[in-house]
Amino acid sequence: MALTRSIPDWPAKRRALRHLVFSIVTFSIAYWLYALGNWQRSAAHAGDRRILGVRQAIRATLHSTDAVSVLEHALSGVGMAFVGIAVLQIYYFAYQPPRANDVELPRWGRVLLFALTAAAVAAIVWPLAYGHTGFLVVVAVWLVIGWWLARPDQISQLAFDAPSSYIALVGGLMWLNFDLGWKLHQWPITRDTAGVVLAHLLASSGTLVACSAAAGAATQRCAWLRPSEV
């Protein structure tokens with residue numbers, strides 16, 4: 001009898017496992033893009049002639065001395081979108097549809113959970129923030145967590161009805177720290193012009209938004225990218 005009851009659960013478990021595997025793959029791609037960018041920059045600083053030749057060829061082709069750095073920021077935006085895709089797939093993997101007999105967490109419980117989560121976020125995120133941008137990044141994460149605890153139905157609606165916005169939201173938090181925060185922290189060192197800084201930020205945010213839109217459209221069109229129960 002127990003075996004008979006468990007058989008219908010296997011298709012659902014396979015579908016859930018599919019989301020987990022896809023999230024691991026997309027996280028791996030994001031990390032590979034990050035490692036690739038770091039490797040080629042380190043190789044260029046070390047005087048690798050092949051890497052320096054490629055970078056010079058890109059500058060000559062695009063007729064801009066800042067072409068390589070702009071492309072690097074554009075690539076970082078792609079990686080952040082992949083992180084957003086991975087988090088969306090993890091959400092699909094962990095999602096449990098609400099049931100009639102579910103007990104809603106009381107307001108004091110949500111406040112306590114927010115306080116504990118906010119403290120954990122501050123302890124983890126603040127050391128990762130660049131320069132004086134820690135407060136900005138932590139507050140942004142707090143706002144998203146507070147929204148999730150106050151209106152979990154809206155987060156679910158975003159994930160299922162507007163996956164591109166969900167991906168962009170997660171990627172945007174990454175962008176806030178690892179691109180905007182990093183750029184502001186490095187600006188006094190690099191002494192780039194305001195135009196170059198703006199080009200870098202537009203390149204990363206532009207590819208993040210474009211990739212989020214494309215991934216969201218693919219998620220809505222491809223049944224195997226989203227839960228079939230919803």
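Every residue gets a Cβ built from N, Cα and C, even glycine.
Keep in mind that TrEMBL annotations are predicted by a computer and have not been checked by a curator.
The transmembrane segment annotation in TrEMBL covers 16-34 (among others). Within the chain, the transmembrane segment (16-34) has long-range Cβ neighbours (under 8 A, six or more residues past its boundaries) at 75-76, 78-80, 82-83, 85-87, 89-90, 92-93, 224-225, 227.
For the transmembrane segment (74-95), the residues of the chain that approach it from at least six positions outside its boundaries are 16-17, 19-20, 22-24, 26-27, 29-30, 33-34, 36-37, 156, 159, 163, 166-172, 174-175, 178-179, 203-208, 211-212, 215, 219, 225-227, 230, judged by C-beta separation under 8 angstroms. The transmembrane segment annotation in TrEMBL covers 74-95 (among others).
Marked as transmembrane segment by TrEMBL: 107-126 (among others).
Sequence annotations record features per position, and here TrEMBL assigns transmembrane segment to 132-150 (among others).
According to TrEMBL, the transmembrane segment annotation covers 157-176 (among others).
The annotation transmembrane segment is assigned in TrEMBL to 196-218 (among others).
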